[in-house]
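Student: Pasting a structure here, questions to come.
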Amino acid sequence: MEMLQGLLLCLLLSTGGAWASKEPLRPPCRPTNVILAVEKEGCPVCVPFNTTICAGYCSSMVRVMQTLPPLPQTVCNYHELRFTSVRLPGCRRGVDPVVYMPMAVSCRCALCRRSYSDCGSFRNESLGCDYATSQDSSSNVPPSNLTSPSQLLEPAVTPLVPQ
């Protein structure tokens, strides 16, 4: 019986190291490829756009004693970014069809700065277009405002020159 208890103890101790591992159990903060919708007032077309954003998990801590002030929490932030341009088709005369979009080059876990970041959680908002047309959901024909993945605009690498 002692042999069995010793074997069980060894087994628990050997697997306990995996639970206390420094390796992240969730994807770490890093640039992630996503498709966002780009639109502009005066341009009738909403265009899907391939870009990179910062996403992933950062380690955090919570105080056990509620009487102490909360600890500052880190979030996945942009570290380095570049700007690319997307040209929207069909814009009205006098409307600049070029929209500049940030693309994440590198990311880091840091305190959230409300001056340039949205520090809140995800909302129940669509990342699609405001001007999308609705169509009967039973139809097999896709809406005319949707673009097939083969027609997605790739960013034209355009440096943004400070003025």
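Including glycine, each Cβ sits where the backbone N, Cα and C put it.
Here's the feature list from Swiss-Prot:
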- 1-20: signal peptide (SIGNAL)
- Cys29-Cys76: disulfide bond (DISULFID)
- Cys43-Cys91: disulfide bond (DISULFID)
- Cys46-Cys129: disulfide bond (DISULFID)
- Asn50: N-linked glycosylation site (CARBOHYD)
- Cys54-Cys107: disulfide bond (DISULFID)
- Cys58-Cys109: disulfide bond (DISULFID)
- Cys112-Cys119: disulfide bond (DISULFID)
- Asn124: N-linked glycosylation site (CARBOHYD)
- 135-163: region 'Disordered' (REGION)
- 135-151: compositional bias 'Polar residues' (COMPBIAS)
- Ser139: O-linked glycosylation site (CARBOHYD)
- Asn145: N-linked glycosylation site (CARBOHYD)
- Ser150: O-linked glycosylation site (CARBOHYD)
Student: Which of the disulfide-bonded residues Cys43, Cys76, Cys91 has its Cα closest in space to the Cα of Cys54 (disulfide bond)?
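Tutor: Answer for the nearest of the disulfide-bonded residues: Cys76.
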Student: State the count of C-beta atoms found within 10 angstroms of the C-beta of Cys91 (disulfide bond), not counting that atom itself.
Tutor: 17
Student: By Cβ count within 10 Å, point out the most packed of the disulfide-bonded residues listed: Cys46, Cys54, Cys76, Cys112.
Tutor: Cys76
Student: Which number gives the other C-beta atoms within 10 angstroms of the C-beta of Cys29 (disulfide bond), all protein chains shown included?
Tutor: 22
Student: Which of the disulfide-bonded residues Cys46, Cys76, Cys91 has its Cα nearest to the Cα of Cys107 (disulfide bond)?
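Tutor: So, of the listed disulfide-bonded residues, the one sitting closest to Cys107 (disulfide bond) is Cys76.
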Student: Measuring Cα to Cα, how many angstrom lie between Asn50 (N-linked glycosylation site) and Cys29 (disulfide bond)?
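Tutor: A Cα-Cα distance of 19 Å.
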